[in-house]
Amino acid sequence: MNGAGKPSVKRRGKNHTPPANGVKVANGAMAAKTASTHYSDASFMKWTVADAVHVATHHWMPCLFALGLLFFMGVEYTLLMVPPSSPPFDLGFIATRHLHAILESSPHLNTLFAALNTVFVGMQTTYILWTWLIEGRPRATISTLFMFTFRGILGYSTQLPLPQEFLGSGADFPVGNVSFFLFFSGHVAGSVIASLDMRRMQRRELAWTFDVLNVLQAVRLLGTRGHYTIDLAVGVGAGLLFDSLAAKYEDSKRKTALTTKHDLIS
């Protein structure tokens, strides 16, 4: 009866852990458990021999690129670099040294090849403008404008030295022995852009014709030392890249137009 009406009080023991600390301990345990779970769930922890065989047989190209990475790491880190007093080393120049000797000894043949190459550049330009002005498809023209703009930026930013054995011609494009950017090849990139458009329109025979002429053009440019190998290789990549960017540009404008139309209707 003496204790009636008084609330019972529970005394805390000396070893009682405050709730806040309990939360910290629990969170720490959960974090450790989560990290352990992440490590155990890592993809490579589940790989088997069968998976490795599958990758090697069904994804042989990335495997080949992996070997290429290792090989060229060894080449790069053990290569004697070209000294500043020497001309750049170019494997394409070595491969076309016989063609260079023929063109050097025959200026008329060099001029003929330059004129034919200029005709091919005219074919590229005519086709690209035709797709826009006549067929109403601006993608190839947009990609060409993208390409030449960025070519100008890069070509001016890093101006490579003219090869010592350069064989110029007044019939070459740009006509008149004017100066030009070496990096990268607008000849090659423009041909790639035209060829990609031809394939989209199922003009495969014409596309293959342009591809063959583009290869001959590249060989001739190496033979005359009009471009380094890297200029031509990047020219191919630039044609592919800017064609893709032009497609994204068209898609974005198309989506914007549809959104605007939908907003006006609603």
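Keep in mind that glycine also has a Cβ here, set from the backbone N, Cα and C atoms.
Sequence annotations record features per position, and here TrEMBL assigns region 'Disordered' to 1-23. TrEMBL lists 63-82, 112-133, 140-158, 178-196 with the feature transmembrane segment. The domain 'AtPDCT1/2 transmembrane' annotation in TrEMBL covers 89-248.
If you look at the transmembrane segment (178-196) against the transmembrane segment (112-133), you find at least three C-beta pairs under 8 angstroms, all six or more positions apart, and that counts as contact. Counting only same-chain residues 6+ beyond the ends of the transmembrane segment (112-133), those with a CB under 8 A from a CB of the stretch are 103, 139-141, 144, 169-173, 175, 187, 190-191, 193-194, 197-198, 210, 213, 217, 220-221, 224.
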